[in-house]
């Protein structure tokens, strides 16, 4: 059994921490809010993000990152992309990482798992993959220990012990295999991959497609023109756009897009009632949620006002930058960008991408 640190007290981080604790690992969860830690330790519940789900009594939480990371064999970053740089900076200030900065590249570095989805922009606003951005933030000795974890895995179901499949992707095959074995259990199947680029692109862009799915879902309630066939059209077209972006950014394995990381994660994100991005698409139609914003830049800067985190909004802005730079044909992503930027309505969007 291993010692594992989960950095992030949201739903997904808490769910994975619970699963790993049930597996017999010693797990420490870091959360910024002391109230979250106190509730987990005293009541075995993450009241804010996983209400009603009883967590293992052996799972401990702390707001002290140095304490949580001190002896971990695996450190998992489970924070939204907008907080990744800040959390990585905090991790760098811990005594353990301060010591490791002076050490040679080797086995002293813990494995570093990454659950964060999306892209990280540079100072010019050009987006980069999570592992590339994180590699620039962490000591060079940690680069070979980075493992990206993704797949169709709603936090609520993982916390409830429902059977789930994940992909552990890394440029270092041994690191991917080690994380695979740590995460694997009777209820969680994990497969290793070397296509760390493709897996990350799938994880980021599927949230954009899910917003479009929410639009379609809401519009279907008032139109006889849309049905299951239409959803399959959108799903297939969305997967094609994900593959287009993945190939451009350097994906090495075409099968990634038909794996758990690709079609698997896309399907559950688009169809499940748990999905915040699908919910956002529905809210565009039913609640006019975009009416309070002047465009996508305004929306991104005030996204917390929505009341829940729809990561596909920010991802859509980044995909547009990539598409413009590399002249990529991604009509769903481009059309959705136009909607979020208040340039186009949902009806026009559906007519253009579905020929309706």
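Just so it is clear, glycine is given a Cβ too, placed from its N, Cα and C backbone atoms.
A quick note: this is a predicted structure, and the numbers were derived from the prediction, not measured.
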Site co-member for NADPH according to Swiss-Prot, given 12, 32, 33, 117, 276, 309, 311, out of 72, 155, 237: 155
Further sn-glycerol 3-phosphate ligand in Swiss-Prot, beside 117, 151, 153, 265, 276, 277, within candidate set 206, 329: 206
Pairwise Cα distance for residue 33 (NADPH binding site)/residue 277 (sn-glycerol 3-phosphate binding site) [Å, integer]: 25
